[in-house]
Structure formats: C-alpha cells, structure tokens
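Please see the structure below; I have some questions.
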Amino acid sequence: MSQNPIAVHFQQSLAALQRAANDTTLLAAASEIAVTIIDALRSGNKVLLIGNGGSAADAQHIASEIVGRYRKERPGYAAIALTTDTSALTAISNDYGFERIFCRQIESLGRPGDILLALSTSGRSPNILTALDAARRLGLVTAGFTGLKGQSLREVCDHLLVAPSDDTPVIQQIHMTAAHAICDTVEHALADGDSDR
Ligand SMILES: O=C(CO)[C@@H](O)[C@H](O)[C@H](O)[C@H](O)COP(=O)(O)O
Ligand SMILES: [Zn+2]
C-alpha cells in the first residue's frame, strides 16, 4: 500500500529537523548569529533582512519578531525586511535591474555595525550575492542562512548557518526553526538586559 503523501512530507520534515538538531556546526552558527544580533541591537544598530520567494516571507517574519515581540514583553528593536516596499523594489528593478533590488537599499539604509541577514536556500541568487558584497563593502556584519549547496556563501558571510538539506522547502523549515530559536535567545538577552540600555 502506498504511503499517504502528506504523511511523507511530515516524515521528511521530521527527519531533516532531527538532522539539524544533531548538527553541532548549525547549532554553533545559530548561537553565534544570536550573539551578533544582541550586540548590534544593544549598540543601537539594526538588522536588515533579505530573501526571495518563501525566504522573503521568512525575512519579514523574523523582522516582525524583532520589532514586535517573539513571546516576551520588552521594548521594540530595529529590524527591516528589504522585501516589502513595492515602490522601491519595482523602481530599483526597473531602473537598475533585479540583481540590485537589495544592494541599492543596503547602500541607502545600511550603516557600519548593522547586520545583514541574507536567506538563500541555494546560496546562488544574484540579488543576494550582490547585496552581501555591498554590505561587506559598507562595513555591515554579514550573516547567511542557506542549504548544503550554498556553502560558497562562506566567502561573503561573517556567519553562515547551513541547513543539512538540498531541498528548498525543507531548508526553509529548518531556517525558520533556527530563526525562532535565535529570536528567543535575542529576546531573553534583551529583556533581561533592558536596564543596561
Ligand atoms: O518558497 C519557495 C519554495 O519553498 C520558493 O518560492 C523559493 O523561495 C523561490 O524559488 C526562490 O526564488 C529561491 O531562491 P533562493 O532560496 O535559491 O535564493
Ligand atoms: Zn514566528
């Protein structure tokens, strides 16, 4: 008897999340990225986030949890998903090309000490690579979330979280689990350290 295809999706997700839970390199990268975000936000810097397709939605999701809240009551902190402004996205794309949609916004909004968090499951999207190059040039800290095929992002990312999969939707699920863990860690540190601000 063939297996229920929906159950197969859940089983594949579970297996991938289990691999991620045992992946000490991924866990260390998530902790590093959390500490980097805590330090940047405490110093008054901001987090800029980028991604395509489902990862654009993930970028917005993560930004909303820094600006709003994850679980705890605490002040808002600065994070902007560069995936949301349709006027900027269409104008930049129309006038300069799709590759520059994020790069141009980083040149306008990024300041040294800010963090660029780039989500790309393939690690090969030209608009993401151009943005990471611009961020480096401008003195931002660069962090990447990718999958097994995106390891070359290490060359342009100060911190890289690699989901142990080469399947885009599965990688995205691991990214969001890691992102929630990072938001939780950041929120605890910022809420506990509010009196330092
Ligand atoms: O969400 C999904 C698949 O789950 C798609 O929309 C996916 O995000 C798009 O194909 C993206 O263009 C992939 O870009 P990237 O992750 O390789 O940078
Ligand atoms: Zn969430």
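Think of each number as a place in line: the chain as shown, counted from 1.
Cβ atoms here come from the backbone N, Cα and C positions, even for glycine.
According to TrEMBL, the protein carries these features:
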- 37-196: domain 'SIS' (DOMAIN)
- Asn52, Gly53, Gly54, Glu65, Asn94, Asp95, Ser120, Thr121, Ser122, Ser125, Gln172: substrate binding site (BINDING)
- His61, Glu65, Gln172, His180: Zn(2+) binding site (BINDING)
At the level of the C-alpha atoms, what whole-angstrom distance separates Ser122 (substrate binding site) and His61 (Zn(2+) binding site)?
20
In whole Å, how far is His61 (Zn(2+) binding site) from Ser120 (substrate binding site) when you measure between their Cα atoms?
15
Any of the binding-site residues Gly54, Asn94, Ser120, His180 with a C-beta atom under 6 A from ligand 1? Give them in order, or none.
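Only Gly54, Ser120 meet the Cβ criterion.
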Going by a 10 angstroms cut-off between Cβ atoms, which of the binding-site residues Asn52, Asn94, Ser120, Ser122, Gln172 has the sparsest surroundings?
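Lowest Cβ count within 10 Å among the binding-site residues (Asn52, Asn94, Ser120, Ser122, Gln172) is Asn94.
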Where His180 (Zn(2+) binding site) and Asn52 (substrate binding site) are concerned, what is their Cα separation in Å, rounded?
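Answer for this pair: 19 Å between alpha carbons.
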Cβ-Cβ under 8 Å from His61 (Zn(2+) binding site), same chain, 6 or more residues apart: which ones?
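Looking at Cβ-Cβ distances below 8 Å from His61 (Zn(2+) binding site), excluding near sequence neighbours, one finds Met176, Ala179.
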Comparing the binding-site residues Gly54, Glu65, His180, which residue's C-beta has the most other C-beta atoms within 10 angstroms in this structure?
Glu65
Using DSSP and three states only, what is Gly54 (substrate binding site)?
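In three-state terms, Gly54 (substrate binding site) counts as helix.
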I'm checking region-level scores; what's the whole-number mean pLDDT for the domain 'SIS' (37-196)?
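Looking only at the domain 'SIS' (37-196), pLDDT averages out to 96.
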Can you tell me the CA-to-CA distance separating Gln172 (substrate binding site) and Glu65 (Zn(2+) binding site), as a whole number of Å?
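One finds 17 Å between the Cα atoms of these residues.
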At its widest, how many Å does the recorded substrate site span between Cα atoms of Asn52, Gly53, Gly54, Glu65, Asn94, Asp95, Ser120, Thr121, Ser122, Ser125, Gln172?
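Result: 32 Å between the two most distant Cα atoms.
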